[in-house]
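Enquirer: Pulled these from Swiss-Prot:
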ACT_SITE  Tyr22  active site, proton acceptor
ACT_SITE  His99  active site, proton donor
BINDING   Asn73, His79, Asp86, Leu100, Ser101, Arg110  substrate binding site
SITE      Arg17  site 'Transition state stabilizer'
Amino acid sequence: MKFLLINGPNLNLLGQREPLIYGSETLEKIELNLKKKAKLLGVELECFQSNSEGTLVDCIQQALGKVDAILINAGAYTHTSVALRDALLSTGIPYVELHLSNTHSRESFRQKSLLADRAIGIVSGFGAMSYSLALDGALDFLKSQKSGV
(Lines of atoms letter the chains of each structure in order from A and count residues from 1; the text may use other names and numbers.)
(Lines give C-alpha, C1' and ligand atoms only; values in the text may rest on other atoms or scores of the structure.)
Protein backbone atom coordinates (compact mmCIF):
# COMPACT_ATOMS: atom_id res chain seq x y z
CA MET A 1 0.00 0.00 0.00
CA LYS A 2 1.25 3.50 -0.81
CA PHE A 3 0.20 6.87 0.62
CA LEU A 4 1.08 10.40 -0.38
CA LEU A 5 1.48 13.12 2.24
CA ILE A 6 1.00 16.62 0.86
CA ASN A 7 1.86 19.75 2.81
CA GLY A 8 0.89 23.17 1.54
CA PRO A 9 2.09 26.72 1.98
CA ASN A 10 4.24 27.80 4.91
CA LEU A 11 4.46 24.31 6.39
CA ASN A 12 8.12 24.27 5.37
CA LEU A 13 8.58 26.81 8.20
CA LEU A 14 7.30 24.53 10.95
CA GLY A 15 9.47 24.73 14.03
CA GLN A 16 9.96 28.48 13.54
CA ARG A 17 6.51 29.67 12.49
CA GLU A 18 4.18 30.55 15.38
CA PRO A 19 5.21 27.65 17.63
CA LEU A 20 2.42 28.40 20.11
CA ILE A 21 -0.08 27.53 17.37
CA TYR A 22 1.79 24.99 15.24
CA GLY A 23 4.26 23.45 17.70
CA SER A 24 8.04 23.31 17.64
CA GLU A 25 8.60 20.20 15.50
CA THR A 26 9.96 20.76 12.01
CA LEU A 27 8.22 19.36 8.96
CA GLU A 28 11.29 17.22 8.32
CA LYS A 29 10.96 15.59 11.75
CA ILE A 30 7.22 15.09 11.36
CA GLU A 31 7.77 13.41 7.99
CA LEU A 32 10.59 11.23 9.32
CA ASN A 33 8.48 10.02 12.25
CA LEU A 34 5.49 9.38 9.99
CA LYS A 35 7.60 7.41 7.51
CA LYS A 36 8.86 5.22 10.36
CA LYS A 37 5.32 4.55 11.55
CA ALA A 38 4.08 3.92 8.01
CA LYS A 39 6.84 1.38 7.40
CA LEU A 40 5.85 -0.51 10.56
CA LEU A 41 2.27 -0.60 9.24
CA GLY A 42 3.35 -1.84 5.80
CA VAL A 43 2.68 1.47 4.08
CA GLU A 44 5.09 3.20 1.73
CA LEU A 45 4.86 6.95 2.35
CA GLU A 46 5.89 9.62 -0.12
CA CYS A 47 6.08 13.20 1.19
CA PHE A 48 5.68 16.42 -0.78
CA GLN A 49 5.54 20.10 0.18
CA SER A 50 5.03 23.21 -1.90
CA ASN A 51 3.99 26.80 -1.36
CA SER A 52 2.58 26.91 -4.91
CA GLU A 53 -1.03 25.99 -5.60
CA GLY A 54 -0.34 24.85 -9.15
CA THR A 55 2.52 22.62 -8.05
CA LEU A 56 0.25 21.00 -5.45
CA VAL A 57 -2.39 20.39 -8.13
CA ASP A 58 0.26 18.80 -10.37
CA CYS A 59 1.37 16.54 -7.51
CA ILE A 60 -2.19 15.37 -6.86
CA GLN A 61 -2.82 14.68 -10.54
CA GLN A 62 0.45 12.77 -10.89
CA ALA A 63 -0.57 10.54 -7.97
CA LEU A 64 -3.44 9.05 -10.00
CA GLY A 65 -2.97 5.29 -10.24
CA LYS A 66 0.14 5.43 -8.04
CA VAL A 67 -1.16 5.86 -4.48
CA ASP A 68 -3.97 4.37 -2.44
CA ALA A 69 -4.64 7.43 -0.29
CA ILE A 70 -3.61 11.04 0.21
CA LEU A 71 -3.01 12.74 3.54
CA ILE A 72 -3.24 16.49 2.98
CA ASN A 73 -2.48 19.51 5.10
CA ALA A 74 -3.29 22.16 2.54
CA GLY A 75 -2.54 24.98 4.98
CA ALA A 76 -4.25 28.22 4.00
CA TYR A 77 -5.32 26.70 0.66
CA THR A 78 -7.81 24.62 2.67
CA HIS A 79 -10.01 27.69 2.89
CA THR A 80 -9.51 29.14 -0.58
CA SER A 81 -8.53 26.62 -3.24
CA VAL A 82 -11.20 25.31 -5.54
CA ALA A 83 -8.30 24.08 -7.70
CA LEU A 84 -7.04 21.72 -4.97
CA ARG A 85 -10.58 20.49 -4.32
CA ASP A 86 -11.12 19.82 -8.02
CA ALA A 87 -7.77 18.02 -8.33
CA LEU A 88 -8.55 15.77 -5.36
CA LEU A 89 -12.02 14.97 -6.66
CA SER A 90 -10.87 14.39 -10.24
CA THR A 91 -8.42 11.68 -9.17
CA GLY A 92 -10.92 9.83 -6.98
CA ILE A 93 -8.11 9.01 -4.54
CA PRO A 94 -9.45 8.82 -0.97
CA TYR A 95 -8.00 11.60 1.16
CA VAL A 96 -7.78 12.70 4.77
CA GLU A 97 -7.66 16.43 5.52
CA LEU A 98 -5.41 17.25 8.45
CA HIS A 99 -4.33 20.28 10.44
CA LEU A 100 -1.91 20.83 13.28
CA SER A 101 -4.14 23.41 14.96
CA ASN A 102 -7.84 23.24 15.71
CA THR A 103 -9.06 25.36 12.82
CA HIS A 104 -12.53 25.61 14.39
CA SER A 105 -11.16 27.46 17.41
CA ARG A 106 -9.35 30.06 15.29
CA GLU A 107 -10.34 32.96 13.05
CA SER A 108 -13.68 32.62 11.28
CA PHE A 109 -12.05 32.46 7.83
CA ARG A 110 -10.12 29.35 8.94
CA GLN A 111 -13.28 27.55 10.00
CA LYS A 112 -14.46 26.85 6.43
CA SER A 113 -12.81 24.09 4.42
CA LEU A 114 -13.30 23.58 0.71
CA LEU A 115 -11.93 20.03 1.06
CA ALA A 116 -13.72 18.65 4.12
CA ASP A 117 -17.07 17.57 2.71
CA ARG A 118 -15.50 15.00 0.39
CA ALA A 119 -12.67 13.82 2.64
CA ILE A 120 -12.89 10.35 4.19
CA GLY A 121 -11.99 12.05 7.45
CA ILE A 122 -10.61 15.17 9.08
CA VAL A 123 -8.01 15.38 11.85
CA SER A 124 -7.48 18.76 13.45
CA GLY A 125 -5.93 20.18 16.57
CA PHE A 126 -3.55 17.48 17.77
CA GLY A 127 -0.30 19.10 16.68
CA ALA A 128 2.20 16.75 15.05
CA MET A 129 0.09 13.80 16.23
CA SER A 130 -2.55 14.87 13.66
CA TYR A 131 -0.33 13.33 10.99
CA SER A 132 -0.17 9.99 12.76
CA LEU A 133 -3.92 9.97 13.36
CA ALA A 134 -4.55 10.77 9.69
CA LEU A 135 -2.34 7.84 8.66
CA ASP A 136 -4.23 5.51 11.00
CA GLY A 137 -7.58 6.74 9.72
CA ALA A 138 -6.70 6.33 6.06
CA LEU A 139 -5.30 2.85 6.61
CA ASP A 140 -8.34 1.76 8.61
CA PHE A 141 -10.65 3.16 5.93
CA LEU A 142 -8.90 1.26 3.14
CA LYS A 143 -8.82 -1.98 5.13
CA SER A 144 -12.54 -1.72 5.85
CA GLN A 145 -13.23 -1.03 2.15
CA LYS A 146 -11.34 -4.20 1.20
CA SER A 147 -13.10 -6.32 3.79
CA GLY A 148 -16.50 -4.84 2.99
CA VAL A 149 -17.13 -3.73 6.57
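Even glycines carry a Cβ here, placed using N, Cα and C.
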Enquirer: For the binding-site residues Asn73, Ser101, which Cβ has the most other Cβ atoms within 10 Å, all shown protein chains included?
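Expert: That would be Asn73, with the highest Cβ count within 10 Å.
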Enquirer: Determine the most Cβ-crowded residue among the recorded positions Arg17, His79, His99, using a 10 Å radius around each Cβ and all protein chains in the structure.
Expert: His99
Enquirer: Tally every other Cβ atom lying within 10 Å of the Cβ atom of Asp86 (substrate binding site).
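Expert: So the Cβ neighbour count for Asp86 (substrate binding site) comes to 13.
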Enquirer: Rounded to the nearest angstrom, how far is the Cα of Asn73 (substrate binding site) from the Cα of His99 (active site, proton donor)?
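Expert: Between the alpha carbons of His99 (active site, proton donor) and Asn73 (substrate binding site) there are 6 Å.
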Enquirer: Could you round the CA separation between Asn73 (substrate binding site) and Arg17 (site 'Transition state stabilizer') to a whole angstrom and send it over?
Expert: 15
Enquirer: Between the Cα atoms of Ser101 (substrate binding site) and Arg17 (site 'Transition state stabilizer'), find the distance and write it as a whole number of Å.
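Expert: Spelling it out, the Cα of Ser101 (substrate binding site) and the Cα of Arg17 (site 'Transition state stabilizer') are 13 Å apart.
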Enquirer: Do me a favour and check the Cα-Cα span between Asp86 (substrate binding site) and Arg17 (site 'Transition state stabilizer'); whole Å is fine.
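Expert: Each residue's Cα considered, Asp86 (substrate binding site) and Arg17 (site 'Transition state stabilizer') end up 29 Å apart.
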Enquirer: If you measure Arg17 (site 'Transition state stabilizer') to His79 (substrate binding site) at Cα, how many Å is it?
Expert: 19
Enquirer: How many neighbouring Cβ atoms, not counting its own, are there within 10 Å of the Cβ of Leu100 (substrate binding site)?
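Expert: For Leu100 (substrate binding site), the count of other Cβ atoms within 10 Å is 23.
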